[in-house]
Amino acid sequence: MHRAFCGALSHLVLPAASFISTPSSLLRNSTLISQRRMATIIATANDIQKPDTDYRQYRAITLPNKMQALLIHDPKTEKAAACLAVKVGSMFDPPQYQGIAHFLEHMLFLGTEKYPEEDSYNKYLAQNGGRSNAFTSDTNTVYFFTVNSGALDGALDRFSYFFKEPLFTQSATDREVQAVNSENSKNLQADVWRMMQLERELVFNKEHPSYHFGTGNKDTLKQIPREALLNFHNKWYSSNIMKLAVIGTESLDELQKSVLEKFSPVVNKDVHIPVDAQFGDAS
């Protein structure tokens, strides 16, 4: 999953990178258009730039917990989809727990308080013509799924619990170490991955967070206790550094109601993202 391309949404919604880094570019202006109960509406369909041939309707909202969401009504789509980006990645790994951000990405798929069965999320998607994936970069972790249009609400509910009440059971933690280790072994055979690691060696000094081992393997991850995963999630998975995009056949009002109901409970810890460290001397 590490650094995977967010292809499931690439033909449906704005590219994940632009939504993460430049949400203001979606708007013609930042004027507050209106306020509705439980959410601050910062744009309506007329305020979001789109081609004249684009028949879809858009709305950008800020939830009470400061999570930002882009809602897209597409009456013709056969597939609904959602993508949530958290402004935290491998650069935030504590030195003693290298690979924990990526490992946590894996663990969120393996059960929540409301849906404790480990494969509940992916089973629901598979039964409804969908699929899911995620990736961890230096500064972002992105989760996404597609599903048949009529099954969006159930998928969103399961998805939302990733960010509200993950389980991180010890048995799943132990087994998922092997999955991440296999992913790292596969990466070691890829030339593009080797080039990326060489660039890190040449550009960053050993104290810079980007120099650290972001993927993780059995040697680094077996040292990570369950409490460390919980602490990382509790510290960094805050609604004020999350951005959500949802597309479906439902009206904008229906999408808004569903998003507010499911994602407003995500806790806002008012996380402050630190300024990136200096590159320093690579020697």
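Cβ atoms here come from the backbone N, Cα and C positions, even for glycine.
Database features, via TrEMBL:
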| type | residues | note |
| --- | --- | --- |
| SIGNAL | 1-18 | signal peptide |
| DOMAIN | 70-203 | domain 'Peptidase M16 N-terminal' |
| DOMAIN | 224-270 | domain 'Peptidase M16 C-terminal' |
PLDDT averaged over every residue in the domain 'Peptidase M16 N-terminal' (70-203): 86
Per-state residue totals over the domain 'Peptidase M16 C-terminal' (224-270) - DSSP helix, strand, coil: 26 helix, 7 strand, 14 coil
